[in-house]
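One structure is given below, encoded as structure tokens.
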Amino acid sequence: MSMLVINGGRALAGTVAVSGAKNSVLPILAATVVNAGRNVLHNCPDLRDVQSAIKILRHLGCKVTREGQTVTVDSSVIERWDVPDDLMREMRSSVIFLGPIIARCGRARLTTPGGCELGPRPIDLHLDALRRLGVHIEERGGEILCEAGKMEGRDIILSFPSVGATENTMLAATACAGVTRIINAAREPEIADLQEFLQKTGANITGAGGSEISIVGGNTRRDTEHRIMPDRIEAATYLCAAAACGGDVTLRECEPEHVGTITSALSEGGCEISVAGRSIRLRAERPLRAMPPVRTMPYPGFPTDAQAQMMAVACTARGTTIFLENIFENRYRHVGELMRMGAHIKVSGRVAVVDGGAPLHGAMVQATDLRGGAALVIAALAAHGESRVGEIHHIDRGYEHIETVLSALGADIRRE
Ligand code: UD1
């Protein structure tokens with residue numbers, strides 16, 4: 001079992017180039033299924049979840065190659081419409097293949113994603129939307145069996161702006177006759193990136209980034225080239241690391257507007273932040289001061305995917321910072337591990353109160369989930385002494401060579 005061994009207490013300095021976004025590349029890989037052509041995707045991070053998505057594409061009959069950060073998916077021929085249970089289990093978000101397979105094949109067979117580290121991961125909103133578009137769905141013994149009747153565009157009103165449900169509906173709607181409108185759609189930038197890819201394939205789709213998306217159905221088969229947007233959560237993670245450790249770090253190839261809630265919280269904590277084009281420079285002197293309450297919300301609110309990393313920063317900042325997790329039920333599993341390092345945190349339901357400023361010390365800790373794991377790395381970088389972070393397969397799901405990036409910034413971190 002590999003682990004990260006970190007000797008904390010060093011300031012970070014230098015430049016990091018942000019990778020392509022995990023939460024954008026996965027739905028876009030799934031979307032290649034609806035475009036019966038050659039899809040060339042640049043800036044694809046080499047993450048485990050991306051490898052899992054590629055396995056699913058190959059299972060369906062697509063020809064997939066990777067050269068550096070470029071993945072080419074030839075989906076001219078699709079031979080299957082199922083995703084086997086082992087592949088579904090490898091990656092929770094594989095449910096994003098449901099809409100595209102139905103759109104392309106008129107039927108689909110998947111297994112339910114079940115729960116995950118963040119609590120139950122329901123897909124009722126995905127299935128309700130597909131049913132309204134004319135898909136007959138049977139859920140039997142953990143299987144989801146879908147048969148498309150005559151698919152017709154309708155108004156789909158989401159009761160919550162779910163990212164996954166919005167993406168699945170957009171993709172299924174490409175096969176519907178007429179116009180589908182998604183109302184109360186998720187507004188995350190990754191959805192706008194998916195729309196941009198689909199537009200390049202010739203799909204008639206508008207509105208992504210706002211809360212109403214319109215899709216005029218129609219098949220596409222056009223060779224397409226697209227560059228995946230920068231990963232705003234990776235950017236947030238390295239900004240938090242620099243804030244917690246102190247130092248002077250510049251992110252390149254990022255989209256500053258996408259991390260506005262992160263940079264504004266960090267500047268309230270005393271970090272000096274400057275933006276120039278597609279780069280962000282953060283300078284911090286320790287200790288920071290406590291930040292205003294952090295409430296996770298759908299975009300453009302504070303991202304749930306950066307809550308844990310910001311909590312690690314709050315542990316190093318003098319004073320009390322309050323967190324309110326509104327998106328996922330079970331997203332404080334990193335708290336117990338942070339407390340092993342000397343953090344003072346009290347959790348009650350969706351609220352966590354961090355009394356920051358007491359020095360953190362090195363400890364043996366375990367990543368409980370992807371972003372919680374990133375928070376432990378940040379805390380360990382800021383702590384005195386040696387930490388060992390285990391269960392790092394969680395971290396590898398979302399960060400390509402995290403130790404190489406952080407070492408280049410001057411951190412003492414190695415994989416053992
Ligand atoms: C996506 C991201 C994930 C991120 C999350 C929030 C991908 C692959 N995953 O997940 O990394 O943490 O957005 O930004 O992009 N819900 C329902 N019923 C549904 C669907 C969702 O009740 O059918 C609830 C969920 O339980 C959760 C909330 O809605 O409480 C948000 O979920 P959603 O926006 O769908 O997140 P994901 O698409 O799963």
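Glycine is no exception: its Cβ is also placed from the backbone N, Cα and C atoms.
Automatic, uncurated: that is what TrEMBL annotation is.
TrEMBL lists Arg92, Arg121, Pro122, Ile123, Asp124, Leu125, Asp305 as UDP-N-acetyl-alpha-D-glucosamine-binding residues, and of the candidates Ile78, Ile280, Ile322, Ile327 the one it assigns to that same site is Ile327. You'll find the Cα of Ile327 (UDP-N-acetyl-alpha-D-glucosamine binding site) roughly 16 Å from the Cα of Asn23 (phosphoenolpyruvate binding site).
Between the CA atoms of Asn23 (phosphoenolpyruvate binding site) and Ile123 (UDP-N-acetyl-alpha-D-glucosamine binding site) there is a gap of 17 Å, rounded to the nearest whole number. Closeness to ligand 1 is met by Asn23, Pro122, Asp305, Ile327, these being the binding-site residues among Lys22, Asn23, Arg92, Pro122, Asp305, Ile327 whose Cβ falls under 6 Å from the molecule. Here the Cβ of Pro122 (UDP-N-acetyl-alpha-D-glucosamine binding site) has 13 other Cβ atoms within 10 Å, regardless of which shown protein chain they belong to. The highest number of surrounding Cβ atoms within 10 Å, among the binding-site residues Asp124, Asp305, is found at Asp305. Between the CA atoms of Ile123 (UDP-N-acetyl-alpha-D-glucosamine binding site) and Lys22 (phosphoenolpyruvate binding site) there is a gap of 20 Å, rounded to the nearest whole number.
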